[in-house]
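Report on the following structure.
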Amino acid sequence: MSSSLVGAVFERSATSKPSSSFISTPSTTGFPQATHRSKKSAFARSREIVNPPRNHVPLVAPSRPNPPQEHNEDDNEDWRAQMRRENEQRVNAMSDEEREAERREIMERFGPGIEDILRKVRASRQGENATAGPSTPRPEPLPPALVSPSRPSSRASKKIRFAEVTPNDVHVYESAPSSPKKKALALPPPTANDDTVSLGTWKGKQPATNNDEPEEGTPEYIRRRFFPSASSENPSLAWMQDTAPDPGSAGPAPSTLRFDLAGNLLAPDLHSTLPTHLGLHHHAPDEAGVQLAGYTLDDIFLMTRSEVKAQRAASMRMMVGIARWANTNEDQTELRPRVLAAGVEAMTERGSLGLHAVEVVGECLNTHAVADIPQVEMGSAVLSLPLTHLLAQITGALESSQDSATLGRLLSILAQLAQADNDTATEIIGTAGLVAIIFRIFLLSSSRVPTSQSTAALDLITTLASSSRTNAQALSQPADALLRFIAVLPPEDPALIVATLGFYKTLGSFGLYSHIASTAQLPLAELARFVHSHVSLVAPWAALLESWIVCATDPHHTTPEHDILWSQVVAWGWGQDLIAINSKLGMSAADSESWAAVWCAMAAWLEGSRINGIRAGAQERAECLAVIKPAFETDGRAENSVVKTALSAFSSGLDALLVPDASQLRSVGRAAELLMAVIRLWLACLPPSNEPISSPPFSLPFAQLSQACGKLVSHPVWSQLSICGPIYALYRPLAALLAQYLRFSKRLPDVPQDAWMAQAFAILSRLLPGDEDFATEIVNEIVDQLTPEWTNSHGFGVPQAFWDKSGLSVLKPFLIHIVRPQADVYVGPWCSSPRSIKHSTTQRLPTPLSAFSREFAIPLRRDWTLAPIDHLLRSAISPAFQNLPSDWDASEVDVARAALLLTNIGREISSRFSFAEFVLSREEAVFGCMKVFMLEHGQPHNDSAEEVFRDQLVGMLMENLLAKYTIGATASSTVDLEQVAASFLGKSTPFYQYYTDFVALYDAISFSHSTFARLLLPPTSMRYPPDYRRHLWNDFAHTLKTIRVSPEHVIASDLGEFLWPVDTDPQMLGGYLRALLKDGVQGFLRLVAIHHVACNIWPDLRTGVVPDERAEKLLKAVIEQGPHEVVGDVLRYRQIEKEAVHLPPSCFQIDESTKKTRLEFVRKVGGQVLAERVQDLLL
């Protein structure tokens, strides 16, 4: 501490008189009191004789710092005043130009904010001068004559004066840690980039700093900074204010909530009535000094930082109940991160504190409420979670905990984190020591945990492995330790074998760890024999065999290569083993899941034999058909009955499936998976040819299968796919069934080519991420089937020159990228393939937010056939253009022709086979044609012959496409152009901006192109905001006379979209009136202008309250300035809102009573003279 803290020590003189005199009292002993000799020396007594003592206490002047010179303060003020006067004189002598030059120099040197700084300094200085009063005079020191020259005695009474203590003089030492292993939670304040969650704020009595300046970015700061002259109550600035919360939805303030020792919320009426013996009053009084029952949130958070471990344990026990209460209250989202942070900090503590902390974290993450939806990223539950710190704490808690229940909760926490997203799973794998501890505690032979926890640990590592190829490779290293669960038979718990086989199957889906099939061939052979008598193990065993058989089909795709060989599969007799298991399955409920797994594994074996077997696997197919053909074709046999039962359950399940319910989707999905498996097996039994077959390998209920898949593809539950959350992963078996059915349908002899293509266009809109390989296969097959012969037979009239330049094949490089926009993201398919095991990066579906964004294209939108034009518009940054084949040579016109032809074909085929849901909508067709014209935006226009839209075939194809969407051709749509355009423009570019560019392009290069003009009109209907109409009718009014569109060529479901409700906007009425009187508008636009002007004039046409003054002005302007024909049409115009639109000339025919009524209205608002001028036109 600084030595200046002690000011001085004063002692009273020993010669001073005592404060009270002593009175002589008689002796109690009877003897006279003894007279003691004086303590003074002879020298002192002789000195006192010369200088007798004074009767007063000498005054001692307190020591003080040397005062400053008296003239310093006055000199400073004089100096400032002198400099101020000199500066003012200098500024006054400068000209305006010199002042402005000086001001610019200061701004350039110090920046634009120097003006505000100088203004604040001046205001502060003036405020100090205004508030400064006369200084209190210091007490003058005593004259030297009044001060005793003698030195005061050190034995006199002391008087100590301390100097004033400032905050800088006090040093606060950090409190002792609550335990030797960790510091207290209340550490120095976090930095700006710290992700630590605050547990609360100290509410002491420290005086708040008086700062009148508002915080930067607040509405008041913006008002003072940019609108200093505007009042804070100005309604024009209301847009800056924060939206006030709904008072009806606001609950009690968090500071008023009180909880008991179990974390249960106490009712307010109990705060003052509960007795004190319940232990609910051991806290500080509230602000009013009242001791209420229950602990506030601040009390509880304060106790979590206590140095007393028992108090921290009690507070953590309360946190468990608070976290459970917060999970059931949606308005407590800000409380959960605080509770979570407190729990995370105490997880590594021993004893009840650590146990309760783990329970707190589990409640905050709400682990018991996580739906069991495998193979999908669920999304993060707590976005502000400090994941790295949490995982480190979990690692420490696992290492220190001996409690079985706590270990189970920690596993549940890790399981939920692993299900959140792939990045979180990667962070779990990357946490030092975490995976090793999981194996050591739960999976190694030395572990002493219940089998249920070992099974949960196996499920956890399976989830982690499925998240990414990198994680699977990391987990394959300790995978040998899991062989202990399958080496000893019978097992302690069959669930351990099921979980182990599932983990190995997941590794196999990446082409990893398949060498274990040969390394552990003996225990696996014993397990195969054991499976024959244990139905519960059939499905996981068959799924694992399917995975390894796919790896052996093309050993070049495994990691490392040749990890397993097809010759080994043949030697081990896996195919015969599967056939034997198939013969032992029955019709019980336990066998239902096993049928699908066994049939898929048999199909994989036959598919591999077709590639690697002798004569394309003819012997293997014959061996398999010898067993299964009679079983499928004989009534009463298990295979036959299982398929019929699945069909019935699937059909009834679809009828009951109205909304995406998880339990119903699982039930329908199980039936769909079995039907998919039997179709895949049927396809695998076919010879290697793509031609239709003369006879099937074995009989199936073909008609019922086609009917069930037709019902599925058009089921309304698909419309809720993008909004049902993670449940969308349960659609995967349904999409897999449709994919296999499309392959199945192509091989049926009674399905024509056109019907198959219609099915293909529909099913492409029902696929999910992971089906990209199948989607690419189908779109390429569609392109290959569209030959010149096919198009000519269907009347498309495509010239041979188009086919001579590669035809539709120019689209293939674009279609590959349309199906898979991210080349580095490869979701594994439902059924693994030799290609997928090499290229797949994850086996989990993305989060719903990512799956239905621009990151993934599957399921394909209805306008996917127009997507190549998107790449033309963004050719500079298009990945498709950057990866074109070296032999690709096509122009913009070639790509536009092919895309428009494919779109016309898709629309025609889907309409003919009643797949109306998959037909391109009107808005999608309009926006697609707009993009063709926008290819010229920003391009030099030296030669109009180079413009794509002027190509004869391009123009014909656009006209044919738009002809299907004119008046009466199709029903109205539920989407608008703004929604359709958002998928291409993104959120940052509004469609209105795109439309303004489109109109400007029309004005610059169109030369009255008819299709170009038709596309200008849809956004100007009354369905859209008035900005579109103002832009065309007012800003580009000079282009209206070039738009000659007849009513029958308008692209709309009903002309009433442009007429109702009546437009009453003054700007638009001026535009309509100007177009009629001056611009010579024609065709449908003339009808629109007459309609809105007439409806704002005549009372019988008005749908709202229109002032007579406006009607009078409009009527006089039409009569006095309009051509004779326009005046007559406005006077005689009629229309009824809820009826079909009357077109000219019927819309200008009114009855006699209406004529008289309108003539009287003219006479009323314009007088007799105006009535006489129009009388001949009305009567």
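Just so you know, glycine gets a Cβ as well, placed from its N, Cα and C.
Residues annotated as region 'Disordered' in TrEMBL: 1-220, 232-256. The feature compositional bias 'Low complexity' is assigned by TrEMBL to 13-29, 242-256. Per TrEMBL, compositional bias 'Basic and acidic residues' is recorded for 78-89. The domain 'RPAP1 N-terminal' feature in TrEMBL is assigned to 84-120. The compositional bias 'Pro residues' annotation in TrEMBL covers 136-146. Annotated domain 'RPAP1/MINIYO-like TPR repeats' per TrEMBL: 945-1094, in sequence order.
Per-residue pLDDT, averaged along the domain 'RPAP1/MINIYO-like TPR repeats' (945-1094), amounts to 94 for this model.
With a threshold of 8 Å between CB atoms, no same-chain residue lying at least 6 positions outside the compositional bias 'Basic and acidic residues' (78-89) comes near it. Residues of the domain 'RPAP1 N-terminal' (84-120) grouped by DSSP class, helix first, strand second and coil last, total 32 helix, 0 strand, 5 coil. As a summary of secondary structure, the domain 'RPAP1/MINIYO-like TPR repeats' (945-1094) carries 100 helix, 0 strand, 50 coil according to DSSP.
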